[in-house]
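A short write-up of the structure that comes next.
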Amino acid sequence: MEDSARTLQNKSADTVVCYAPTMITTNGIWQGDNPLEYSLPLFILQLLMIVTTTRLLVFILKPFRQPRVIAEIMGGVLLGPSVLGRSTKFATTVFPLRSVMVLETMANLGLLYFLFLVGVEMDLAVIRRTGRKALSIALAGMVLPFIIGTSFAFLVHPPHGHQSMHQGTFVLFLSVALSVTAFPVLARILAELKLLNTELGRVAMSSALVNDMFAWILLALAVAMAENDSTTLATMWVLLSSLAFVLCCIFIVRPGMKWIIKRTPEGESLSEFYICLILTGVMISGFIADMIGTHSVFGAFVFGLVMPNGPVGVTLMEKLEDFVSGLLLPLFFAISGLKTDISSIQGAKTWVMLFVVILLACAGKIAGTVAVAFFHQIPFREGITLGLLMNTKGLVEMIVLNIGKDQKVLDDDSFAMMVIVAVVMTAIISPIVTQIYRPARRFAPYKRRTIQRSKPDAELRVLVCIHTPRNVPTIINLLEATHATKRSQLCVYVLHLVELTGRASAMLIVHDTRNSGRPALNRTQAQSDHIINAFENYEQHTSNVAVHPLTAISPYSTMHEDICSLAEDKRVAFVIIPFHKQQTVDGGMEATNPALRIVNQNLLANAPCSVGILVDRGLAGSTRLAGNQMAHHVVVLFFGGPDDREAIAYGWRMSEHPGTSLTVMRFLPGEDASDSETGQDPNMLTVVTDDDRERQMDEEYIHEFRMRSSNDECIMYTEKIVNNGEDTVAAIRSIDNVHDLFIVGRGQGISRLTAGLTDWSECPELGAIGDLLASADFAVAVSVLVVQQYVGLCEGSLESPGQLEEQLGNFQQINRSRSPPRHPITP
């Protein structure tokens, strides 16, 4: 055994460890072998313990809004010499010194590819577009902590004796560690706090991105000084060769990757050969960077940074993200915890110094940020919040500290103190920000959150949600039929909903502005460009319409929150979102993505305004009028209740369009149905309930609707007497096929008339009638708009008589300005 043994010099302690290269895999416990004496089984056990511990801590710390990096570092601390590692038996059995080489090699390999993915995701165009505000905040957030770190370095590591030659490097390492801001961790925190789409979140992300770039430059300088601090000439060669490596990546690697993209057919992913070539290039870049004197992760990061944004990044993220960030990266953070020995921090003076450093480092970033925020006229509370967010620590700081410890620039107590500083500073951010920051309303609470309440002489704001370009034609035709006038213009916010895949930092790109004419870099951008172009063309060819395209990238579980936040921020009255099913060639309905149904359900439950779910079966119009306008035949089915009144309000507005005919079909209970509804003698004195008030309001609304539209031959009103759900279905089936849009309320007012329809309901979120019309079994293939009225108003869900009178007066004003009678609807 001794003949085949080789020695491993441990960098953290002068300990010689024997390692036998033949001891990789075991022959099995039945041969008398102990698996923990072999490197592969031991590594698998270590990986299992690290992943299990960190995932458990993620679950425990989630209610406290802690980012995952805290759980990963704390998992290493628990397994390290600070807690479980204090047991000599546990340390020598599970984490013996002979296993350090394998564990750290795999951790650094995972770190190598993770930093490559960070570089791939980082958009240099964002940095180029960063304004002076973000740049000044980033610099101010680095200068004061850098000065504090320098002062702290002289207190902890005074320049005397043999340590003097490391003093400059020690100062640089500590100063960089205290001044950096973790861009990926900050993105996760902002996403958790729902601040990512706010102005504060955008400024914080832009500033952190700039901070990250400066941090990488300082890291390269610190590594060069750490490895060559005895020779100034060698340090200069390291910096020059690093610059040459960066230029080589920019002018050779990047054009090569663009050539590969051009050779790849549009819509297809990169071939396996090119993927292997890129992954090999990551290792080559890491090898070159390590060879010239900088850390290998610097080479991988630069290699990822020069990758063109587009299908390359998407493909690489899909293939690497889960394995690297979910399995290998926790190894690196856990090793940082395993190297941390809290017991090495001894004495009250040291702990007081640690507390002072945490306090001063946080205060330095906050003070610098607040000063710049005041200059840019940012409110004081937002400035403090921004300073707290810039204190986020994570990957770069851990890399700095680990390199410093490996190069013996940091001793055990300094390393432990800085790890504690990083954990504490990051852990306190979310709780404090949650307590002190409440996004201020930039507008008075608006009340016209429904179409029924919208004034006829005011702008109608509508938010339309798009999943794929297939949703675009029908929604544009629906908006065109909504009829914008000079007195009541239409403001349309077009929101392209994109699922967030991978890390939360991808949510940096939230809003997509007007297309600049550049070619699309990936499938998502191509879809966004197609959607934006279609709606811009609609805006150009339609009067009194303003279109504002946006793109929201978020997970399906929280996508409704982005929609609701935008709806409230833009004060829209109506949100239109596509149904989760689409029509097939044979006329059936198939689900495109089951997750979209959850989005619709969550939106209905949380929307701050009225919502319409559009079942898209085409809305091209049966005929065309002069001027290329389409003629639409709309049917509103009225059973009663606020949702149905909202449906009539929208249909009434659409009837103002020169090419739109409106039919309102009201369903009334027959004698049998009405008797079963009341169950009482009509001559008996009864208490007026909310249902009675709803019926009264329905009667008044229908009466006014008939009175105001009696002279309009394009509006027809019919009544159907039905006794049960079967009669209701028969009445709906009897409607002529000349119609191309049904508008129905989600919640029907008289449940007796829809009895039995919900027993076989496939989509209860559409209501009984909406589900019937959207069903593939329904013979009529017509688009359906299911409307839910917003009833969460401060003054209650029901209008007062004065409010009703005001609303009816509004419709009277509408009819006075109506165009001359048009051709009546075909009977």
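Note that Cβ sites are derived from N, Cα and C of the backbone, with glycine treated the same way.
Annotations in TrEMBL come from automatic prediction, not curation.
Keep in mind the model is a prediction, meaning the values are calculated, not measured.
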From the ranges 105-127, 634-656, pick the one that TrEMBL records as transmembrane segment.
105-127
Do the transmembrane segment (323-340) and the transmembrane segment (40-61) share at least 3 Cβ pairs under 8 Å, sequence separation 6 or more?
yes
The transmembrane segment (273-303) vs the transmembrane segment (415-437): 3 or more CB pairs under 8 Å:
no
As a test of reading the model: what is the averaged pLDDT for the domain 'Cation/H(+) antiporter C-terminal' (634-792)?
78
Using Cβ atoms and a strict cutoff of less than 8 Å, what residues sit near the transmembrane segment (203-226) while being 6 or more residues removed from its termini?
122, 126-127, 130-131, 133-135, 137-139, 141-142, 168-169, 172-173, 176, 179-183, 186-187, 190, 195-196, 235, 238-239, 242, 293-295, 298, 301, 378, 386, 389-390, 392, 396, 399-400, 403-404, 407, 409, 508
Long-range Cβ neighbours of the transmembrane segment (352-378) (under 8 Å; 6 or more residues past either end):
133, 136-137, 140-145, 147-149, 152, 155-156, 178-179, 203, 345, 384, 386-388, 390-391, 417, 420-421, 424-425, 428
